[in-house]
Amino acid sequence: MYGRYTQDLGTFAKDEAARLRLQQENGEGGTPQPRRPSELLEYTQGRCAPCRVCALQCQRFLISKVGEDWVFLILLGLVMALVSWAMDFAIATCLQAQKWMYGGLDTNVLLQYLAWVTYPTVLITFSAGFTQILAPQAVGSGIPEMKTILRGVVLKEYLTLKTFVAKVIGLTCALGSGMPLGKEGPFVHIASMCAALLSRFLSLFGGIYKNEARNIEMLAAACAVGVGCCFAAPIGGVLFSIEVTSTFFAVRNYWRGFFAATFSAFIFRVLAVWNKDEGTSGRVGGTGLPPPGPADTPRPAPPETITALFKTRFRLDFPFDLQELPAFAVIGIASGFGGALFVYLNRKIVQFMRRQKTINRFLMKKRLLFPALVTLLISTLTFPPGFGQFMAGQLTQKDTLVTLFDNQTWAKQGVSDEFEYLGILEAWRHPRSNVFVTLVVFILMKFWMSALATTIPVPCGAFMPVFVIGAAFGRLVGESMAAWFPDGIHTDSNTYRIVPGGYAVVGAAALSGAVTHTVSTAVIVFELTGQISHILPVMIAVILANAVAQSLQPSLYDSIIRIKKLPYLPELGWGHHEKYNVRVEDIMVRDIHYVTLNCKYRDLQHVLHSTKMKSLPLVESAESMILLGSIERAQVGALLCHQLSPQRRLQALRQKALAEDGHRLSEASICFQISTEASSGAHAAPRKPLKPALKRVPSSLAETPQGDTADHTGIALKSLFCANTAAEPTE
């Protein structure tokens, strides 16, 4: 209804304007002469005038027929797909450079360690410094700020070009370092900035999206684009953006989000195919390993086409048994506790750094020291020849997810030698321990590393690290089930082996959903893997994880909002629903100092000295008490200082002196008489002539209040002196 009526109103307005114009031309007499619009006059000069006029008319025809929203959303999706692909290419290049440096120094372990540690430290330090210098608003995820902006709060400098550049470059360097950081949250912020910049800088949309409501609609669609082009998951991206950024969602924005996210994801995957990236990284394990069982025969290489980002090949005829559902439920409940613990740990780390005054003061002076130390610690622990050999330290996040989603069983009956590790799967094998120890160490270490790394002042998110940890936990449960039931679960006469990769998918969706308090992570998982066979266990685990996590802790984004003290009213948690009955009058402060329209300087000073409120209410008068708005305390102080500055006082004196120039000619005779009497006397009483002159002050001065008599006396003396000097030639 909204779109149809606004369109009808616009058509009616155009028709009515054309009718009035035609009527006016006919009323002037004669037949109406066709004339060019005034906007086209500047294009009618020069050699290429017809071409420019034709191009402008085609542009207007396209906008009028296609619609502004469609063109805007296409541009938004295209730009974000290009940005996402370029960033992924740069990040992959940085990670490949680190592997090349590490592999080239295999003759010396010390040089390998220095290269492994120095490379990410330099990148993280550069990212922190560049972001801090150019735009400190680019630090962090960006989703908490977008939640606040979509609620109607204006946050300065969060949607500017400087913040966009700082966010893109800083995020590329941060993810290229190999730290356990994510790109999903920052991409929501980047897409929102891209939408704001498009609507601001393109003259095509300059007058359309100045309306605040339309701007909010485009920002809501941009949040969906950010998730959609990050994971190539348009449906999950739209649902995730709705769950994360808004409590109230206008259904009329639904098609905008879906269209822009789908177009962006399509372009993103087409660019990946064009870059020859689909044939290798999109397949399971990146090693070309076929699924087990009768399908062990070699397969030809699949043709290059658009596939899922982490393509899985689980069996479709019998993906899981109903007797495995309790194991999936255990994954969901445990993920709920784990998600709440992750949010709690992340918040406690930030609060600890802020409460320790000595550490906080030292780190404020050395802003780049904290990210460098954290990166040094994490890089040291993940060094492959060192402790990293027990936690697959040499794998990137993408390679880790690919291996965890592998549909082969790594360990049978707890013996790791029964499975032949090939390619990047070799990182999970250790000669002195089995795969269970490696997975447990990986989960425990990555858990606190990710919680610590997300506190670094660089553009980063927490979705992907949590996603990887959840996949590892699900893989651990799946491998345990495969060890307990080595021959699978018997159903009738058929025997189906347990697929640990399915458990990894369930764990990834459950833990990420618990941390973000969303259910749409299930849909994101389906689009990431390209299979919907585990829809029932994924939904069960995600719902149970959300139920547990929401009863214990707020979501990660609400926790960051509380830490940053953003003006956002969060939802009430479980067990606090009786507070919905609390009224505003029960908690409001009634004795508030206010400012009226007719207040004086003394009243303003009294208000400023008697209250410490940052914002002062402005009312019409003390009798009516009609609220007109509010003004910030600092703004009132600045206005008072500006109005009472020495420059303003001198300017006021000059204006009053100039206003008296009209009275000087009439007072010239009086001054002449005074000077004559003074010269005829023998300089007896030089002060007597001042009395009649002071009495003859201008009427404007006589009408002023008595409170300013001292200033007016000085002005009168000054005017008397000026009148005497001006009257000297007359004398």
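Including glycine, each Cβ sits where the backbone N, Cα and C put it.
Transmembrane segment is the annotation TrEMBL gives to one range among 48-67, 368-387, 428-447, and that range is 368-387. Among the residue ranges 22-41, 282-301, the one that TrEMBL annotates as region 'Disordered' is 282-301. Scored by C-beta pairs under 8 angstroms, the transmembrane segment (325-347) has its highest count with 505-528, from the stretches 70-92, 113-135, 368-387, 463-485, 505-528. Contact between the transmembrane segment (254-274) and the transmembrane segment (70-92) is supported: at least 3 Cβ pairs lie under 8 Å, counting only residues 6 or more apart in sequence. Using a cut-off of 8 Å between Cβ atoms, the transmembrane segment (505-528) and the transmembrane segment (218-242) share at least three residue pairs, counting only pairs 6 or more apart in sequence. A Cβ distance under 8 Å defines the sequence-distant neighbours of the transmembrane segment (463-485), meaning residues of its chain 6+ beyond its ends; these are 180-185, 324, 327, 330-331, 334-335, 338-339, 342, 397, 400-401, 404-405, 409-414, 435-436, 439-440, 442-443, 446-447, 450, 453-454, 497-512, 515-516.
Remote same-chain partners of the transmembrane segment (113-135), defined as residues 6 or more beyond its termini with a Cβ less than 8 Å from a stretch Cβ, comprise 94, 97-98, 101-102, 105, 157, 160, 162-163, 165-167, 169-171, 173-174, 176-179, 367-368, 371-372, 374-376, 379-380, 383-386, 456-459.
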